[in-house]
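Peer 1: Annotations for this protein, taken from TrEMBL, read as follows:
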ACT_SITE  D240  active site, proton acceptor
BINDING   M82, H83  substrate binding site
DOMAIN    4-247  domain 'Carbohydrate kinase FGGY N-terminal'
DOMAIN    258-441  domain 'Carbohydrate kinase FGGY C-terminal'
SITE      D9  site 'Important for activity'
Amino acid sequence: MGKYVLGVDLGTSAVKVSALDHSGQIVAQESFDYDLIQQQPGYNEQNPEDWVSGTTVAIVRLILNDHLAAEDIEGLSYSGQMHGLVLLDANKKVLRPAILWNDTRSTPQREEIEAKLGDEFVDITRNQPLEGFTLTKLLWVKENEPDIWAQAKYFVLPKDYVRYRMTGNLAMDYSDATGTVLLDVAKGQWSEKICDAFDIPLSMCPPLIKSVDFAGTVTAAYAEFSGLTPATKVFGGAADNAAGAVGAGILQPNMVLSSIGTSGVVLKYEDNADVNYHGVLQFEDHAIPDKFYSMGVTLAAGYSLSWFKKTFAPIEDFTEFVASAAKSTVGANGLLYTPYIVGERAPYADADIRGSFTGIDGTHQRYDFVRAVLEGISFSFRDLFDIYEENGADFDTVVSIGGGAKSPLWLQIQADIFNRKVVSLTNEQGPGMGAAMIAATGLGWFDSLQDCAKTFVHFGKAYEPNPENVKKYAKMHAIYKQVYQQTKGISAQLLAYRKAEL
Ligand SMILES: Nc1ncnc2c1ncn2[C@@H]1O[C@H](COP(=O)(O)OP(=O)(O)O)[C@@H](O)[C@H]1O
Ligand SMILES: O=C(CO)[C@@H](O)[C@H](O)COP(=O)(O)O
């Protein structure tokens, strides 16, 4: 029997656990969905216990339903949704539901940090103190839930909590730690300056490890619970975007990732920390030791599509629903969608902006709306490509993963809007694949993640830009770019209305 590694992809909508063999083939895969808790607009929470149960159910199914022998599972690692705050007490018990990356309640805390540290904050962390990141969430709890804060002794991120429950060891890997905006990126240490400025005990920050570091073996209790053996080795893992980049082979500067999960990401490998996007794009430690990546995040990418489908076509098959956009035209017969339905992160760091359909005409059909959503998400990515171009970045290939890679039509739309060659992977499990590659490298199956990629990562069909469509989309994008400024004031008024009515 061969030996396997497990890649645990702890996403926002589900956990997917993939088992891979030495040749990088996915031999089995199981997933488990969980819900978002949305008590009011802008609030997004999840119960950490749901992540642990979901991961465990998926592993149990791999062993019982897919007949993987537990003793053949040599190691596992993680890809985790980023930034989510999990607060633990002195006994490492969860104190409140996790506040997730897409929760935007912490605007006052963002303003407080900006007022106190200004540009120095960006110099230390290489990021802005946005609502989505962990620090503003910590300060929100400190200011709004003093009883909880008084009991809080540690904080971790989603996949770190699952790793803790499997191994009994508390840690955070560098690629996720940059996303807390509490890390001094140049020094590779928790920032005393930031902790002191906001009265956060340094002891709350967990020990830092590298993505490929050994983090312990599975505890006897977790082995019993899951069916794994206590010899299973667990490795640090990475932020989902770092893991996605590894799984998509984004391991050199001429390649860019276009990832459409719940959120959407345009991500570029950075060889060193010299480039400075002044916080307009995020700058993070990579899963590859001492390497970095930059990225811009569209908060509601796949979420825009899922929201539209759930609301207007709840019982239709997802693939057919997306494919219906082929009945529309390039530019969706003049219909434009902006995907700001939960606020936006980049290029506009604005928690209050909301989405729009512009140009609705009496002749428009539902398929025009579907097409407009696919195009709007891609236009938002184009905005991010423009920032890279303004900074002189040179790249020729875009690797598409996630929802955007599931549809040939959407892959072509991306190629035409980005005006670049877009390739998919033969296996489009970017983050889960990256997590498994981290385990395989940690176990010593390969010397490095780059070495592992040679065996594990295979590119599929390439989509070349169609010059006619490129021209049409350039016109539509020029119109799209105006919508943010034109709707900013209207969004603010509607938000005030919603708040008054609540
Ligand atoms: N058949 C499909 N074609 C295109 N997009 C899809 C399809 N199925 C799902 N999606 C999109 O992909 C997104 C899910 O991506 P995924 O990477 O699984 O999310 P996450 O990791 O955030 O949980 C959904 O939000 C949905 O909009
Ligand atoms: O906030 C970010 C990145 O900064 C998100 O990318 C989250 O990491 C969630 O990812 P998905 O669940 O959408 O994959």
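In case you wondered, yes, glycine gets a Cβ from its N, Cα and C as well.
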Peer 1: Under a criterion of Cβ-Cβ distance under 8 Å and sequence separation of at least 6, what residues of the same chain contact the residue listed as 'active site, proton acceptor'?
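Peer 2: For the residue listed as 'active site, proton acceptor', the qualifying residues are D9, L10, G11, S79, G80, Q81, M82, G261, P431.
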Peer 1: Among D9, M82, D240, which recorded positions lie by ligand 2, judged by Cβ under 6 Å to any atom?
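Peer 2: So the answer is M82, D240.
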Peer 1: Just to be sure I understand the packing, how many Cβ atoms besides its own are within 10 Å of the Cβ of H83 (substrate binding site)?
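Peer 2: The answer is 25 other Cβ atoms.
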Peer 1: What does DSSP call H83 (substrate binding site) in the simple three-state scheme?
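Peer 2: Going by the DSSP assignment, H83 (substrate binding site) belongs to neither helix nor strand, so it counts as coil.
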Peer 1: When a 10 Å sphere is centred on the Cβ of D9 (site 'Important for activity'), how many other Cβ atoms does it contain?
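Peer 2: Other Cβ atoms within 10 Å of D9 (site 'Important for activity'): 32.
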Peer 1: Tell me the coarse DSSP state (helix, strand, coil) of D9 (site 'Important for activity').
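Peer 2: The residue in question, D9 (site 'Important for activity'), is strand (DSSP, three-state).
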Peer 1: Applying a 10 Å Cβ distance cut-off over all chains shown, what neighbour count does M82 (substrate binding site) have?
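Peer 2: The Cβ of M82 (substrate binding site) has 29 Cβ neighbours within 10 Å.
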